[in-house]
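The structure appears below as structure tokens.
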Amino acid sequence: MSVAVKNLSAASSSSSPAIPVKVIPLQHPDSTSSNPRCHHSVPFNIFFSRWTEKIKCMTFFDWIDTIFPCFLWIRTYRWQRYFKLDLMAGITVGIMLVPQAMSYARLAGLQPIYGLYSSFVPVFVYAVFGSSRQLAVGPVALVSLLVSNALSGIADPSEELYTELAILLALLVGIFECIMGFLRLGWLIRFISHSVISGFTTASAVVIGLSQLKYFLGYSVSRSSKIVPLIESIIAGADQFKWPPFLLGSTILVILLVMKHVGKAKKELQFVRAAGPLTGLALGTTIAKVFHPPSISLVGDIPQGLPEFSFPKSIDHAKLLLPTAALITGVAILESVGIAKALAAKNRYELDSNSELFGLGVANIFGSLFSAYPTTGSFSRSAVNSESEAKTGLSGLITGTIIGCSLLFLTPMFKYIPQCALAAIVISAVSGLVDYEGAIFLWRVDKRDFTLWTITSTTTLFLGIEIGVLIGVGVSLAFVIHESANPHIAVLGRLPGTTVYRNVKQYPEAYAYNGIVIVRIDAPIYFANISYIKDRLREYEVAIDKRTNKGPDLEKIYFVILELSPVTYIDSSAVEAIKKLYEEYKTRDIQLAISNPSKEVLLILARSGIVELIGREWFYVRVHDAVQVCLHYVETPPTNVEESSNNTSLWRRSSAKNSSTYAEVKPETNLLEGTIGVKRELRHSKL
């Protein structure tokens, strides 16, 4: 069907009063504009425009604040108000970090001293380069497990090479984080679903807990990141079970869990939670030193003094560590940056995620120069730091000072710490990572996300950490691609008594008009989804429920109106497909109309010739405008332009057939920007 506005025959005048209905003009952009923002490279330009404009406007002090975020709070520090809070928070986190650092080092397969080293220099460096004022940096359980899993296949934990590789891994992680922060690539990790992270951390927590049982049971358990070998090893060595470490470790674990619960339940007792690890350590050390039980293994001698400066060794093994470094970087972005942004919002200051990532990278690089293994932000310690009302990074400096004092003066006391006490601290810490409540929530809210959670956690448990993460991320991306390739498309209807058009499935009372199909596409249109969109449009031609429609009883569809307001982008493949769709519609006497395209989309359609192909008069600001004009044509749908003046009005025939009177529509030619003014004479209108 091909209809030109200028060929329309004017309807006869009526004595009834006419109510004018205006069609809002659609502003067509100039497709020949030389404005650089209108070029096809708009997304690329926009990606860097804000960054470059910000750099041009930056002063010397802005550069100082960007490179050293600590100056932001140093200049405005209120000593009388903030110092006491920062001091108490720093001491609290420091007391919590000393035992946790040694425990996580053992989890990573390293000597406890390296946990303290990793809690010393990185904490000071992050306080200077980090953007968050409450994030507590240091060793964490998940990263320690990743380190152990990556290095155990290369070297034995008892070998010096193992330690060298752990330190080298910190350097690689720092480099990755700095590069991603500098190039502002943190957005790449957004494609990893929260369900993947939750499933991964839950499974990792289970593996960590099982790996620490050997210190409770009193016999060796195989090192593995898979649940089956761990359980087999635990069962195989059951005849070597020893009661003393089990009783001591279980007692300390119960104390830690109770103190954690009490600290979470009441804010005024939150110091109890922070003091839990130190309490368990003190209890275990006292029992071990007084009773000397031979079946309880101790930490042993720990070197005294601060770490010495040295460059990471075994650089030739760097290639083997790159996948793990990338994985740890991803964990840092997802967990640390997420925690930092939440804390910044809670404390009402701005935080740039890429700057935060850069600060974490610098902390890891400097840490690797002082014998630290990879570190990142800790959820539990950051929560304690925030609950202790830390106001600035000074709390981190105080925490680092406590670690330094421990290295200088307290390490001789650590030799009597039972291994089961450190294991209890690890199990207590990772118990909070088992997100069963999140799984229940996903089951209730979104079965697809629950499936993703289940796949990730199951594969991580049975196939290992790397494979589990890869499968989880792969399935997550598959879901994203599927959603993109099969976008939501809605058939719209008019809400009674309004000019508003909504999804007929969501609003059953909404009605459409016979001969007209209104379709809203809720996604960008590009090569991957255009075939799906075309298939749905063909289905809607024959699947419209006429029981809810109004207007004359027509046998076919004469108009398809595309509501494009949700469409933010359209590519060249989609443009060609729309041209073919228009030609296909034309052979079936169907006119295509476009409603409310964005400026960018309309510009692409204009440059590709689609606007001229379809006709400017078929582009509208509102769906209602398009419907009103289409209703006029439905009154006299011609098979071609020459026959249009001779055809009998289907609208009038239908009116006579149904003994009903519908609105007669008079067009007023107004081709400025492709608009049509319409006057409607209402006589018992049922529209």
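Just so it is clear, glycine is given a Cβ too, placed from its N, Cα and C backbone atoms.
Now, the feature entries from TrEMBL:
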type	residues	note
TRANSMEM	85-105	transmembrane segment
TRANSMEM	111-129	transmembrane segment
TRANSMEM	136-155	transmembrane segment
TRANSMEM	161-183	transmembrane segment
TRANSMEM	195-221	transmembrane segment
TRANSMEM	241-259	transmembrane segment
TRANSMEM	271-291	transmembrane segment
TRANSMEM	320-344	transmembrane segment
TRANSMEM	356-373	transmembrane segment
TRANSMEM	393-414	transmembrane segment
TRANSMEM	421-441	transmembrane segment
TRANSMEM	461-481	transmembrane segment
DOMAIN	506-630	domain 'STAS'
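Counted as Cβ pairs under 8 Å, contacts with the transmembrane segment (195-221) are highest for 461-481 among 111-129, 161-183, 356-373, 393-414, 461-481. Mean model confidence for the domain 'STAS' (506-630) is a pLDDT of 88.
For the transmembrane segment (161-183), the partner stretch with the most Cβ pairs below 8 Å, chosen from 111-129, 241-259, 320-344, 356-373, 461-481, is 356-373. In this chain, the transmembrane segment (136-155) lies close to the transmembrane segment (356-373): three or more C-beta pairs between them fall below 8 angstroms, excluding pairs fewer than 6 positions apart. Just going by CB pairs under 8 A, the stretch in 320-344, 356-373, 393-414, 421-441, 461-481 that sits most against the transmembrane segment (271-291) is 421-441. When the stretches 320-344, 356-373, 393-414 are ranked by Cβ pairs under 8 Å to the transmembrane segment (85-105), first place goes to 393-414.
Listed as Cβ neighbours of the transmembrane segment (393-414) (distance under 8 Å, sequence separation of 6 or more from its ends, same chain) are residues 70, 73, 77, 82-83, 86-87, 89-91, 93-95, 97-98, 101-102, 112-113, 116-117, 119-121, 123-124, 126-128, 130, 133-134, 136-137, 285, 299, 302-307, 385.
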